[in-house]
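A.B. asks: Let me give you the structure first, and then I'll get to my questions.
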Amino acid sequence: MKERNISLDAMKGFVILLVMLGHIINLNKLNDPYIYTIIEAVQMPAFIMISGYIGGFRAPVDNFLQWKNIMCKRGKSYVVPFFMWLFLKQWDNLAEGFVNTIFRLDRGLWFLMTLFILNGMLYTAQLLSKGFRNRSKLYAFFGFCMIFCVLSIILVLQLAFHSTFLTPELTLRYIPPFIIGYFVSAYKEELIRLISNRFQFVLFIFSAVFFITACWKYHISSDTYFLYVMLIEIAKGLLGCYVIFYLFLKSKKNVIKEKLAWLGKYTLEIYTVHFHFATIFNQGRIDFGLYSWKGILFVIATFCAMSLISAALIYMVKQVPVMNQLMFGKATK
């Protein structure tokens, strides 16, 4: 069995902690112009980029059987939990809930379906560009890019014709971090030869400064042009992703990294469960901001309670193999 990459697991563990903290701040409507803006900008792009990076580890798909096998595996991991949680949350009006969610993924666990679509695009592009790989690595790169762009244009056309089926806006927004993560992994050796450690460090400083500045100083109004908003959000996400990737890929193994890596093995489980308990102590009378003793204690107490309840629920579900597969997309080992 291939050894897990501790840096990637640690990244996932770190980002899921950001997601949990962000949900506490946002769902409880705590006044925070600083921390949440940073979390919001980077949390999902980082998860998507990590997924793309992992996709670059495996050899490209060569035939339809390989494509079918990998997509069935991704379907069990992403699509099955997506619909299972849709059923659990909207069982009392399932038909309406199904239609509404399919045409607006953010009503459900959109992250899972978006990841499935992105993986489908990736492996389809690999399959259709097989002929280019037989010539040279450069041909393979441009052939893959050409086919992936064609698949992306289909989403653009869907958006242009105002079709919201499977929410193409979400997929388009997360294509850049996903495909960049994939290319960085698939062409890692070439990039190491081209980009020196010093330049990587300079880029890290640049990205950190501009990321924080953009999050704190650049606020987008609701009436701003849609494409402009999307480009700004993508840019902020990519800057933040580079900062996180640099810190974790360059850091040495230590106790904190090991603990985060352990947590990172359960990100899908935590992602699907935790936010249901993010307002557990909110009685509708919150009259304090985050940056006060009440706010800090409220966040700590909520985080601890949410974590304990989520851990207990995840543990119980994992004792039943069928439920583990349906709710978390994982087979019990």
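Positions of Cβ are set from backbone N, Cα and C atoms, glycine also.
Copied straight from TrEMBL:
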DOMAIN    5-314  domain 'Acyltransferase 3'
TRANSMEM  12-28  transmembrane segment
TRANSMEM  34-59  transmembrane segment
TRANSMEM  71-88  transmembrane segment
TRANSMEM  108-126  transmembrane segment
TRANSMEM  138-159  transmembrane segment
TRANSMEM  171-187  transmembrane segment
TRANSMEM  199-219  transmembrane segment
TRANSMEM  225-249  transmembrane segment
TRANSMEM  295-317  transmembrane segment
A.B. asks: Count the CB pairs under 8 A between the transmembrane segment (34-59) and each of 108-126, 138-159, 171-187, 199-219, 225-249, then give me the winner.
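C.D. replies: Answer is 171-187, with the largest number of Cβ pairs below 8 Å.
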A.B. asks: Hey, would you say the transmembrane segment (108-126) packs against the transmembrane segment (171-187), going by three or more CB pairs under 8 A that are 6+ residues apart?
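C.D. replies: Yes, the transmembrane segment (108-126) contacts the transmembrane segment (171-187).
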A.B. asks: Against which stretches of its own chain does the transmembrane segment (71-88) lie, if we need a Cβ under 8 Å and a gap of at least six residues from its ends?
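C.D. replies: Distant Cβ neighbours of the transmembrane segment (71-88) are 94, 97-98, 101, 108-109, 112-113, 115-116, 119-120, 123, 268, 272, 325-330.
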A.B. asks: By Cβ distance under 8 Å, which residues at least 6 away from the ends of the transmembrane segment (171-187) in the same chain are close to it?
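C.D. replies: Contacts of the transmembrane segment (171-187) (Cβ under 8 Å, skipping residues fewer than 6 from its ends): 44-46, 48-57, 114, 117-118, 121-122, 141, 148, 152, 155-156, 159, 230, 233-234, 237-238, 241, 245.
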A.B. asks: Can you check how the pLDDT averages out over the domain 'Acyltransferase 3' (5-314)?
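C.D. replies: So the average pLDDT across the domain 'Acyltransferase 3' (5-314) works out to 93.
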